[in-house]
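Asks: My questions all concern the structure below.
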Amino acid sequence: MPHAPARSGDAMSAAAPPCCTSLLGLSLSMFVAPCALAATPLEGAVVSAPAPTPPTPDLAYPELFQAVQRGELFDDQKHFVDFLPLRDPALINADYLAQHEHAGFDLRKFVDANFEESPPVQTDAIRQDTALREHIDALWPKLVRSQTNVPAHSSLLALPHPYVVPGGRFREVYYWDSYFTMLGLVKSGETTLSRQMLDNFAYLIDTYGHIPNGNRTYYLSRSQPPFFSYMVELQAGVEGEAVYQRYLPQLQKEYAYWMQGGDDLQPGQAARHVVRLADGSVLNRYWDERDTPRPEAWLHDTRTAAEAHDRPAADVYRDLRAGAESGWDYTSRWLADGKTLSTIRTTAIVPIDLNSLLYHLERTLAQACAHTGTACSQDYAALAQQRKQAIDAHLWNAAGYYADYDWQTRTLSNQVTAAALYPLFAGLASADHAKRTATSVRARLLRPGGLATTALKTGQQWDEPNGWAPLQWVAVDGLRRYGEDGLARTIGERFLTQVQALFAREHKLVEKYGLDADAAGGGGGEYALQDGFGWTNGVTLMLLNLYPSPGAIQAPAKTKRKPEPAAP
């Protein structure tokens, strides 16, 4: 993907090769993957060079693409970008240009004649009298996909091993979703599948230089919250410590991706994902290589940019894309006025969750290097310590919680969000900061159905009143690490009760939950509520293991709804 021009304050120099990277006075040239260790092929992985990646749908057939998205032929803007062109997209687009002004031209019929539709993931052909845990175990095969080869012109990226998709409209693997899914796979005894998913992500790093948002061409310009080191840690718990050495090359490449472009930054400048603060501290932000509307949400993005009268549309598009990379798409955390999407400024924010995850990556790299007996262990440990110091200096609010920092205005957020618990999850918080954060979270975010994402009602899906499975697990695991078992149990049991109540009523697990007493699915966002659902399944199994209350594991009431056959 081409790099877009820099905005003011961004030092967008050409990216240096990973071997030439330097940071905080420490030369990484000795221990970034291409220099230190040859990336040996993983067992069973596809090692031949992949076919050239086709252009994204908005570039492959631009006029047709815009006509379909602008005309709202489908309720969900993602639907069309997942369609398979039945012949050369350039020829399809040329035919569209030649025909679309003719009398009687029918755009929908033209699309139907030239594309194959991708159906949603079906998960409703499971017996209606299964208990929750049994239902989840039965769901895994429904969510598994194997795509070692893809048809020409598809937006899907091939992967060497089977993988689990979230469900519904999400027909591909997603980066940060997959960690929480893998937790459940391991708990279900599906350790081979969990290992295969980890190997898929290692393959993506080796092939594309990073783990994209998902295995689609239109996701390649960005990543998602970097959970690869947590996946390696999870697999080490299954196979043993040798796992760290096996994935060291990919861990190093992952780190190089997130730190790329940070060379020679002056205080107050940013490049790609890297920000150098006014005091010289180096932290990270979310970012995307492209500054155009997201193909999977094209109409939403163009309308949002049109409402931002005082900003270049390209800036709005990049901030929307960066918000998608954050996983929190969207939330008041990224909005200048705290409520209006057109004020989004994601790239101006140094997020507490992202930097906690990168601290864990640095610590994992130090551990992996220690297994090789190389000096890079001390170097990565030093980088982790410097990041911790920068987090304590800039992302700790004296009111008693971790928060996001706006590097452009040099202001710390006064908003308590579920992201405040990531430093506990990563193990970087001091005992005092952990205790004070727990107190703040209990006072501001505890709800009848679990942990609220934020305390603001904006209509965005990563705000009040929604609760999300991954954030419940980050909270529960992080709080337990620091002895806050009571609050952890309260959050975990309340969320389990919410999951069980909706399951008993509708026999499904969903992407997000409302946290009110009525135990409904969550709302807001750019698309309808999805069921399946990968990360909810995984977190539910983890919570059931910790808090196995009878009400959370009994079978739901029988329903008269007749199950439909599964899609092929």
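Counting begins at 1 with the first residue displayed.
A Cβ is built for glycine as well, from the same backbone N, Cα and C atoms used for every other residue.
Per Swiss-Prot, the features are:
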ACT_SITE  Asp329  active site, proton donor/acceptor
ACT_SITE  Glu511  active site, proton donor/acceptor
BINDING   Arg169, Trp176, Asp177, Asn213, Arg222, Ser223, Gln224, Arg294, Pro295, Glu296, Gly327, Glu526  substrate binding site
SIGNAL    1-38  signal peptide
Asks: As a test of the contact definition, list every same-chain residue at least 6 positions from Asp177 (substrate binding site) whose Cβ is closer than 8 Å to its Cβ.
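Replies: Those within reach of Asp177 (substrate binding site), by Cβ under 8 Å and sequence separation of 6 or more, are Pro166, Phe170, Pro470, Gly534, Trp535.
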Asks: What does the structure give for the C-alpha distance between Pro295 (substrate binding site) and Asp329 (active site, proton donor/acceptor)? Integer Å is fine.
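Replies: Between the Cα atoms of Pro295 (substrate binding site) and Asp329 (active site, proton donor/acceptor), the distance comes to 15 Å.
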Asks: So which of the binding-site residues is most packed in, judged by how many other Cβ atoms lie within 10 Å of its Cβ, out of Pro295, Gly327?
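Replies: Comparing the binding-site residues Pro295, Gly327, the most crowded Cβ belongs to Pro295.
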Asks: Among the active-site residues Asp329, Glu511, which residue has the largest number of other Cβ atoms within 10 Å of its own Cβ?
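Replies: Ranked by Cβ atoms within 10 Å, first place goes to Glu511.
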Asks: Can you see whether DSSP assigns Gly327 (substrate binding site) to helix, strand or coil?
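Replies: The three-state answer is coil.
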Asks: Please determine which of the binding-site residues listed here (Arg169, Arg222) has the lowest count of neighbouring CB atoms within 10 Å.
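Replies: Among the binding-site residues Arg169, Arg222, the lowest count of other Cβ atoms within 10 Å belongs to Arg169.
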Asks: In whole Å, how far does the CA atom of Arg169 (substrate binding site) lie from that of Glu511 (active site, proton donor/acceptor)?
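Replies: Taking the Cα atoms only, Arg169 (substrate binding site) lies 11 Å from Glu511 (active site, proton donor/acceptor).
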Asks: With every protein chain in view, how many other Cβ atoms are within 10 Å of the Cβ of Gln224 (substrate binding site)?
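Replies: So the number of other Cβ atoms within 10 Å of Gln224 (substrate binding site) is 22.
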